[in-house]
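Read the structure below first, then the notes.
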Amino acid sequence: MLRCRPEPLMPRATRVAVAVSLPLSHAVIPTQLPSHPGHRPSGRPRRCPKAPCLPSPVGLSSTQPAKRVTMGWPRPGQALVAVKALLVLSVLQVPAQAVVRAMLEDISSSVDFADLPALFGVPLAPEGIRGYLMEVKPANACHPVEAPRLGNRSLGAIALIRRYDCTFDLKVLNAQRAGFEAAIVHNVHSDDLVSMTHVSEDLRGQIAIPSVFVGEAASQDLRVILGCDKSAHVLLLPDDPPCRDLDCHPVLTVSWALGRTLALVVSTLFVLNRLWLWAQACCSHRRLVKTSTCQKAQVRTFTRRNDLCAICLDEYEEGDQLKILPCSHTYHCKCIDPWFSQAPRRSCPVCKQSVAGTEDSFDSTTDSFSDEDPSLPGHRPPIWAIQARLRSRRLELLGRASPHCHCSTTSLEAEDTTVSPAPPEAPGQ
């Protein structure tokens, strides 16, 4: 009896489609099919496949060992591997247009038979070639074969030819001359697929029908289907044409969707990062400006001990030119300048600290506070400017102290040496 077994995996090229419609009561095929060594015992009859034994999507294979048909509970490891394989195939699977459909007891089923198209003759049309499969006589088609007997059938005939004994181009040409619309050449004692090539250019130019090559197991399965119903027909389809629609490639569709999502997320994160850096830079700049402003606007405590000149005892007024010595004592320029010009030692009148090293700088620059607002926060004129302004008033103060005396240079120098740290007093006191 016929057993349902998976067909061994083979390279996919074109495919053969078979459609069969069988009644419920089918007996053993009366004719004995030729047996092959190593496949099954000689003389063992074959039966038509019943409904519970429908061909699998992989294909029928009458040459597989019987032990592979044994049904049982799969092992946990095998079940896990099968689940993973189904998941991978569900993602990588591309819709196939070449199928084999076997109709048994109102149950539809399809089987794919792997084949390779010939390198000569016309290629298969995109819609394929449909016809009734018939074995030629002689089986190798090395000689002229009998014409197909179609009767009133609407479809043409497709020849099933055995390999060897002559060239492929001669076999196909003999089938064409007999009236077949296509040819299927099957292997012998092997399921390997070979590419059929021509030998004679003359024969190649005469071939006008397509042809394909299949393995021996596929040919035996086709014979079983033909023996079950004489009205069974086959469909030869070319390789699946490249689908230009993105929906035909699930992997590309998923990759495209994930890529767009990833690009959107990355661009959003990039924009947010740039905005965050910009906000941080603005805050840092504001803090820096505020800090620098506070540093420039230093607060100075006003003390009453620095609001008058120690020489003339007059209070400082706005617009007065002041001179601050390195010892931080402040004088009017008109008061301290005569002191420095007459004294043998250039020193502070109060603390006697020498200022000879800075006298050149006092003479070099004189500035005025009239253009500046001393009430501004942090306003502090340079020391050298204040010191330079105190020089011009010395002679005037000395002249005011002794208006009736003619002050010579010698007397002024002698007077400078007697000045105490306290402010000088008038001669009449």
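A Cβ is built for glycine as well, from the same backbone N, Cα and C atoms used for every other residue.
Taken from Swiss-Prot, the feature compositional bias 'Basic residues' applies to 37-49.
Across the domain 'PA' (152-223), DSSP classifies residues as 25 helix, 16 strand, 31 coil. Here Swiss-Prot flags 152-223 as domain 'PA', drawing on sequence analysis.
Annotation for ASN152 (N-linked glycosylation site): no spatial neighbours, criterion Cβ-Cβ under 8 Å with sequence separation of six or more. According to Swiss-Prot, the feature N-linked glycosylation site maps to ASN152.
Marked as region 'Disordered' by Swiss-Prot: 30-64 (among others).
Annotation source Swiss-Prot lists region 'Disordered' at 358-381 (among others).
Annotation comment: Swiss-Prot describes 409-429 (among others) as region 'Disordered'.
Positions annotated as signal peptide by Swiss-Prot, on the basis of sequence analysis: 1-27.
In the predicted model, the topological domain 'Cytoplasmic' (272-429) has a mean pLDDT of 63. According to Swiss-Prot, the topological domain 'Cytoplasmic' annotation covers 272-429.
Annotation comment: Swiss-Prot describes 251-271 as transmembrane segment.
Residues or ranges marked as zinc finger by Swiss-Prot on the basis of sequence analysis: 309-352.
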